[in-house]
Amino acid sequence: MQPRLGGPALLLLPPLLLLLLLGAGGGDCGARAEVLFRCPPCTPESLAACKPPPGAAAGPAGDARVPCELVREPGCGCCSVCARLEGERCGVYTPRCGQGLRCYPNPGSELPLRALVHGEGTCEKHGDAEYSASPEQVADNGEEHSEGGQVENHVDGNVNLMGGGGGAGRKPLKFRMKELAVFREKVTEQHRQMGKGGKHHLGLEEPKKLRPPPARTPCQQELDQVLERISTMRLPDERGPLEHLYSLHIPNCDKHGLYNLKQCKMSLNGQRGECWCVNPNTGKLIQGAPTIRGDPECHLFYNEQQGARGVHTQRMQ
C-alpha cells in the first residue's frame with residue numbers, strides 16, 4: 001500500500017507542487033527511473049503562433065536579435081521568454097532561471113517552499129545557496145525544514161514529483177518517502193506543542209505565550225484547499241496524468257496573502273493559459289475585464305472599478 005500525505009502536514013505539499021510547476025531539470029539515469037511526467041510535444045502550429053519575447057529587438061531583415069537567454073515558458077508552454085539572471089527574483093509563476101542557475105528561497109525564510117510559491121526566490125548558482133545542502137547536512141546543522149527547500153528551475157520539461165534536486169546525489173523513492181514521513185512527524189509534533197497554550201514549553205520556566213496564528217486570507221485558504229486536494233491523492237500510482245494536475249486552479253497570492261490582480265492558468269499543450277482579473281480582496285472576477293491568453297491589463301479595469309465606487313459613494317452621502 002502506498003503512503004498518503006494528508007492531515008496537518010501541509011508543509012510537505014509545496015515541494016511536490018513546486019517541482020510540478022517549475023519543471024525540474026535533467027539528472028542521471030537513476031533519477032529518471034523515479035516518478036516523472038513529461039510535457040506533451042509542441043505542435044508546429046503552437047510554435048508558429050509564438051511571438052518574439054519582449055527582450056528581443058527586430059533586426060534589419062526582420063530577424064529577432066535576442067540579447068537574453070531564451071527559455072521555455074513556465075509550465076508546459078511552447079513559446080520562449082527571457083530567462084531570469086543571477087540575483088533576480090524567481091518562483092512558480094516567473095520565467096525560469098538561466099543556464100547554471102537554480103531558484104532558491106532566501107536562507108532566512110521560515111517557510112522556504114511557500115516563499116517560492118509567491119515568487120520570492122532568487123536565481124543563484126548551484127552550490128552557492130545555503131539550501132543546496134543535502135537533507136542529512138541540513139538535519140545535522142539543526143535546520144527545522146529537512147527537505148532542504150532546493151528547487152531546480154531548468155527547462156527540459158521533465159517534472160519530478162518526488163525530488164528537490166538533480167544529479168547523482170538523488171536518492172531512491174523509498175528513501176525520500178522515509179524522509180517525508182520523518183518530516184511529517186516533526187510537523188505533527190510542532191502542531192502538538194503549539195496546541196498546549198500556556199503550558200511550559202521546552203522546559204523553560206517562563207515561556208512566552210504563543211500568539212494565535214494570524215487569520216488566513218481568502219487567497220491563502222483557497223491555496224490550502226488546493227494543496228489539501230493534492231495531498232489526498234495516492235503516491236505515486238494515482239497521481240493522475242499531467243493534464244489532470246494542471247486543471248487545478250492554483251491561486252496567485254501576493255506576499256500579503258491577497259489575490260494578485262491577474263490570475264492565470266498554467267500553459268498546457270503548447271498554449272498559454274488564459275488570464276483574467278480579480279478583486280485582490282475577494283478573488284471575484286472584475287466585471288468588464290477580458291479573459292485572454294495574454295496580459296488583460298488588470299490594473300486599468302481595477303482602477304476604473306474603484307473610481308466608479310468612489311463616485312457612487314459620493315452620491316450616497
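Using N, Cα and C of the backbone, Cβ positions are placed for all residues, glycine too.
Values in this document were obtained by computation on a predicted structure and should not be read as measured data.
As annotated by Swiss-Prot, disulfide bond applies to Cys39-Cys76 (among others). The 10 Å shell around the Cβ of Cys76 (disulfide bond) contains 26 further Cβ atoms across the protein chains shown.
Of all Cβ atoms in the protein chains displayed, 18 besides its own lie within 10 Å of the Cβ of Cys42 (disulfide bond). For the recorded site, Cys42 (disulfide bond), the DSSP three-state label reads coil. Look at Swiss-Prot and you will find Cys42-Cys78 (among others) tagged as disulfide bond, backed by sequence analysis.
Reduced to three states, the DSSP call for Cys79 (disulfide bond) is coil. Per Swiss-Prot, disulfide bond is recorded for Cys50-Cys79 (among others), and the stated evidence type is sequence analysis.
There are 18 other CB atoms within 10 A of the CB of Cys82 (disulfide bond), with all protein chains counted. Under the heading disulfide bond, Swiss-Prot lists Cys68-Cys82 (among others).
Among the features that Swiss-Prot reports, disulfide bond is placed at Cys90-Cys103 (among others). The secondary structure of Cys90 (disulfide bond), as reduced to three states from DSSP, is extended strand.
Of all Cβ atoms in the shown protein chains, 24 besides its own fall within 10 Å of the Cβ of Cys123 (disulfide bond). Taken from Swiss-Prot, the feature disulfide bond covers Cys97-Cys123 (among others).
As annotated by Swiss-Prot, disulfide bond applies to Cys219-Cys253 (among others), with the evidence given as sequence analysis. Long-range C-beta contacts of Cys219 (disulfide bond), restricted to its own chain and to partners at least six residues apart, with a cutoff below 8 Å, comprise Pro251, Cys253, Gly257, Leu258, Tyr259, Gly283.
The DSSP secondary structure for Cys264 (disulfide bond) is strand. Taken from Swiss-Prot, the feature disulfide bond applies to Cys264-Cys275 (among others).
When Cβ atoms from all protein chains are considered, those within 10 Å of Cys277 (disulfide bond) total 25, not counting its own. Per Swiss-Prot, disulfide bond is recorded for Cys277-Cys298 (among others), and the stated evidence type is sequence analysis.
Taken from Swiss-Prot, the feature domain 'IGFBP N-terminal' covers 35-126.
Annotated domain 'Thyroglobulin type-1' per Swiss-Prot: 216-298, in sequence order.
For 125-151 (among others), the entry in Swiss-Prot reads region 'Disordered'.
If you look up Swiss-Prot, you'll see 189-218 (among others) marked as region 'Disordered'.
Under the heading signal peptide, Swiss-Prot lists 1-33, citing similarity to another entry as support.
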When the Cα of Cys82 (disulfide bond) is compared with the Cα of each of the disulfide-bonded residues Cys123, Cys264, Cys298, which one is closest?
Cys123
Within 10 Å of Cys90 (disulfide bond) (Cα-Cα), which of the disulfide-bonded residues Cys50, Cys275, Cys298?
none
For Cys264 (disulfide bond), identify the closest of the disulfide-bonded residues Cys68, Cys76, Cys123, judging by Cα separation.
Cys76
I need the most crowded of these disulfide-bonded residues: Cys50, Cys68, Cys78, Cys275. Count other C-beta atoms within 10 angstroms of each C-beta and give me the top one.
Cys78
So among the disulfide-bonded residues Cys79, Cys97, who's got the most Cβ atoms within 10 Å?
Cys97
